[in-house]
Ligand SMILES: [Zn+2]
């Protein structure tokens, strides 16, 4: 009862103007002429943005810490020395990114800290905002390095050697960033957290189309990647009669068509398939192809969906003429993640307190830092809508009212967990 009173007080102290101004301010670091933002991981712009966050944290009286992978933690003390309630996201962007992807969750966290101050709420648990290093993976691969190395510190040794698209070594960029950032205390990765909450833009069209302002995220889809290789025999385009060819492109096309024809059925089972890459050998206009390779990206909220698709892939191959010339390799798998049920219930209550209506529940189509945190502590996410579903694009935008409602819900949930 008392918890919900304090939660409502914190929600009521979220200041729309202050929060929206902070979004504009952070966007000045790496602002592009087209209104988007380029603030790639550990770039000059991103380091300046980190300094801005540190200044803001100091003004709020927070402790500032940095772990070996460069993740920044800003902590408002609690009455007890117990694991903190943590919220956050990332401030790095794609090369042609927007103002909200990642930045929204970090700035929402800062606004919650300010609201707790304004409401004069002393929490028993510390409340921490985190900015994870290199979530996007556009400069250094893989993405979500910071949250990955926080949860599994041995990964950092491997990440140190990653070479950026600009030729810079991750370990060197990290060392440079760390020396540019003054006054942050070193902390060890992997420390205990009471809970992790991440607010994020949806980056897809589902929430906007539902007409709701907020969604509770139930988890993150699992992914499998396949390479499908179809063998043919290279021959002259003019001299080889149609009946005597072994054309790899025709074979690949026949097979892919069978799979695409099932896409309606698969979609009804929440399975999404994408054929994003084709490689044809020798890729010559007047030579019959000796090999055609295409990729499939398959996503589903659960293993059953991924397994069903894999069985379909095999079954359809057996229906194709010359099936022996087709080989299928699974080259990547990321397990589906389900977020903590109790936190989802709390977030639903928080969204209802902010908007007056029940939020929808959706599965995230994209990866987030919360994916790694889900293996570390109870974790959940809130989405706000993306206008037109647009993201990783300078035009990325969300209605300001929706942005603020998301911060209010976050304030409610964090207070309830920390009080
Ligand atoms: Zn993001």
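Here the Cβ of each residue, glycine as well, is placed from N, Cα and C on the backbone.
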Determine which of 101, 166, 358, 369 appears in TrEMBL for the same Zn(2+) 2 site as 136, 392.
101
Please pick, from 90, 212, the residue that TrEMBL records in the Zn(2+) 1 site together with 101, 200.
90
Suppose we draw a 10 Å sphere around the Cβ of residue 90 (Zn(2+) 1 binding site). How many other Cβ atoms does it contain, all chains included?
29
Counting only other Cβ atoms and using a 10 Å cut-off, which of the binding-site residues 200, 392 scores lowest?
392
Rank the binding-site residues 101, 136 by the number of other Cβ atoms within 10 Å of each Cβ and report the first-ranked residue.
101
